[in-house]
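Enquirer: Here's a structure for you.
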Amino acid sequence: MEGTCFLRGQPLTTIPSLPSRKGFLLQRWKTNRIVRFSGFKNHSVSGKSRSFDLSLRASGPIRASSVVTEASPTNLNSKEEDLVFVAGATGKVGSRTVRELLKLGFRVRAGVRSAQRAGSLVQSVKEMKLQNTDEGTQPVEKLEIVECDLEKKDSIQPALGNASVIICCIGASEKEISDITGPYRIDYLATKNLVDAATSAKVNNFILVTSLGTNKFGFPAAILNLFWGVLCWKRKAEEALIESGLNYAIVRPGGMERPTDAYKETHNLTLALDDTLFGGQVSNLQVAELLACMAKNPQLSFSKIVEVVAETTAPLTPIEKLLEKIPSKRPYVPPPKASVATKEVKPVPTKPVTQEPTAPKEDEAPPKEKNVKPRPLSPYASYEDLKPPTSPIPNSTTSVSPAKSKEVDATQVPVEANVVPVPDSTSNVPVVEVKQVEEKKERPLSPYARYENLKPPSSPSPTASSTRKSDSLSPGPTDSDTDKSSTVAKTVTETAVATSVTETSVATSVPETAVATSVTETAAPATSKMRPLSPYAIYADLKPPTSPTPASTGPKEAASVEDNSELPGGNNDVLKTVDGNLNTIPPSTPEAVPVVSSAIDTSLASGDNTAQPKPRPLSPYTMYADMKPPTSPLPSPVTNH
C-alpha cells in the first residue's frame, strides 16, 4: 500500500483528520517530516501488525509504505549456533552473503524491507546446487525471509529470532544522492538500532560492513564524504558497536562498484590492519566469502577491524590464514553457552565406578615411576646380546697398565650386571658409570702407550749418534760421548794432514803432526760444551766432499815459469801477479818456497778442523799445480845499436 502527495509552501502544521485512522502522530526533524499512523479499526490481522511510515520532504513526494513483520517469540537464553540473521539481504553484498552462508550449511534469516523485493533472492537460492546436502533438503528450505524496518526499534527484536550471529550489510543507496539524510538514517541510525537490539538479544557475534577511510582521513577514500558525510556516519556506527560490548568484527572493503564476480579470478584477496588502506577495489563476491568465513570461525574474527582489497600481485591464500595475521583488539572469550553445556555433560555416573577398582593400581604405580627415574642413558645396559664396540686391548706397558686394567674392568661390569632385565639391576648401572668417569682422569695422553703394535714414528738412527742423543734426551754430554767425539775428530784431522804431508816434503811432516795434535787437543773441550756444526762428525760412513789435492807449489812452479818465459826473470812475472808490482826482485831459493807452502797447508788443515781459515791465501793459483795465472806478452828488451 503506497501513496504519494506533494507539499509546498510553509511547513505543515495541520493535516485533515481521516475517518478511518486513529492515533495520528506528526514528528518533525530538521527538513524531514515523518508522519506515522498506528492502529486501525476492524483491520487487525492475527499475529501481524501493520504500520505506515510517511516521509515528507520539502521538495519531493510523500511515500507511504507498509512493512509487515512476523512476530516470533524469542528466548534470550537459547541461541541456535547455525542460525544467522543478515540485514540488507537484497543488496549486492547481502544477497551474495546469504548464498555463501547456505553453502557452508547455515540457516539464514534474511531481513528485508519488502517481501516482494526478495523474489530475486529466492530465485537465485533455488538455482543453487550444494555439494554437501542432506537427502531431501534444499537450500531454499534453510532460508527465511523476514520483513523488518531497521528504523523502527520495535520491529527488529522479533525479526532476529534465536539467531546467534548478525551480519549487517546495509548502506545508503547511491541512486538517491538528493537524500541528504540517507547516510544518517541508514548508515548510522538504522545500524545503531540493530546493535541495540542485538545487545538486548545477547547474540554471540556481530559483523558490520562499513568502508575504507572511516576513521582516518586519506585520499581517495575521503572523497566519499562528499556524499553527505557518509564516512563520518559509518564511523559513528562502528563506535556504537565497539561500545556495546558485543563480540564484533568490522569489515572495511574498498570500491565495489566496478568489479564483477569474475574479478576474483585475476585478483586475490588481501587483508590489512585498520587505518592503513585508503584506496583499492574488491568484488562483492569476495567480501561475501569473507563474511561467511568470519561467521564460521568466530575465534579468528573476534574483535578485529579488517580492511579488504584485491590485488593481482597478492598470493592466493586461504581466508583463515589471512585472518590469523590480523591482531585482535582484545583476547577471545568463548560464548558462555558452550561452557554450560560442557559442564552438564561431564558428570557421568559411570566414571566414578571405573575409578574405584583402579585405586589400588594407582598405589602400585608410584614405585614403578621411581624405578624409571634412574634409567641408564646407554642402550647397551638394556639389551643382553648388545655389546658396546671394543677396541683392541693392548698388553701391559710400563706405568700405563694400572689405568688400562681399571678401564677394562669398568667396561665389563655393566654387561654382567644387566644379564637379567630387572629394575634393581638398572639402578646399579649408574654407579658403575660414575666410576668410569672418575678413572678416565688417569688415562695417558699418548696413544702409543695403549697399543703394543703401535709405534711412534722414528727417524733412522746413525751408528755413532751418542752426541746427538745426549743433546736431545740427556741434559749434558757424558765422558764416553766426549771420548768418542774426540777420536772421530782426530781421525779426520790426521787423514787430512797425512795427504798434505806426502805431497809436500818430509821436512814438514813433523810440524804438521804437531799442529794436528794441538788441534785435536783444543777441539776436545769444545765438543764437550757445544754440539759440532758439521754432520760428518756424527756418521762414520758419511764422508765430506773432497776436491782434487794440488801438488806442492815450490820449485816446480818456479822452474816451469822460467822455462816457459822467453826472457829471464820469470819469477818476477809470478810475483807480479801475486803482489801487483812490476819491480824485479832477486830470485828466491828453492827451499824457501816449500816452507811457505807447507806453513800455508798446515794452517789450512788446522783451519778445516777448527772452522777458522785465517791465513788462507787470496790467490787460487797457489793451490793447484796445473792452473796458471794469465800472463801478458812481455816486450822484448830494446837494444841500442
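Backbone N, Cα and C atoms are what each Cβ position is placed from, and that goes for glycine too.
What Swiss-Prot records for 84-113 is NADP(+) binding site. Look at Swiss-Prot and you will find 359-372, 435-444 tagged as compositional bias 'Basic and acidic residues'. Feature annotation from Swiss-Prot assigns compositional bias 'Low complexity' to 393-402, 485-528. The compositional bias 'Polar residues' feature in Swiss-Prot is assigned to 599-612. Summarising the annotation, Swiss-Prot assigns compositional bias 'Pro residues' to 630-641. According to Swiss-Prot, the feature region '4 X 22 AA approximate repeats' maps to 376-638. What Swiss-Prot records for 376-397 is repeat '1'. Annotation source Swiss-Prot lists repeat '2' at 444-465. According to Swiss-Prot, the feature transit peptide maps to 1-63.
So where do these features actually land, and what's packed around them?
Expert: In the three-state DSSP assignment, the secondary structure recorded for Gly88 (NADP(+) binding site) is coil. Packing around Gly88 (NADP(+) binding site) is summarised by its Cβ count: 24 other Cβ atoms lie within 10 angstroms of its Cβ, all protein chains included.
Residues belonging to the repeat '2' (444-465) score a mean pLDDT of 76 in the model.
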Enquirer: Where does Val108 (NADP(+) binding site) sit in the DSSP three-state scheme?
Expert: strand
Enquirer: What count of other C-beta atoms do you get within 10 angstroms of the C-beta of Leu104 (NADP(+) binding site), across all chains shown?
Expert: 15
Enquirer: Quick one: give me the count of other CB atoms within 10 A of the CB of Val84 (NADP(+) binding site).
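Expert: Looking across every protein chain shown, the total is 28.
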Enquirer: Using a Cβ-Cβ cut-off under 8 angstroms and a sequence gap of six or more, which residues of the chain neighbour Lys92 (NADP(+) binding site)?
Expert: Met256, Asn284
Enquirer: Given the binding-site residues Val108, Val112, which one has the fewest other C-beta atoms within 10 angstroms of its C-beta?
Expert: Val112
Enquirer: Give me the non-local Cβ neighbours of Arg96 (NADP(+) binding site): same chain, 6+ apart in sequence, Cβ-Cβ under 8 Å, ordered along the sequence.
Expert: Asn284, Leu285, Val287, Ala288
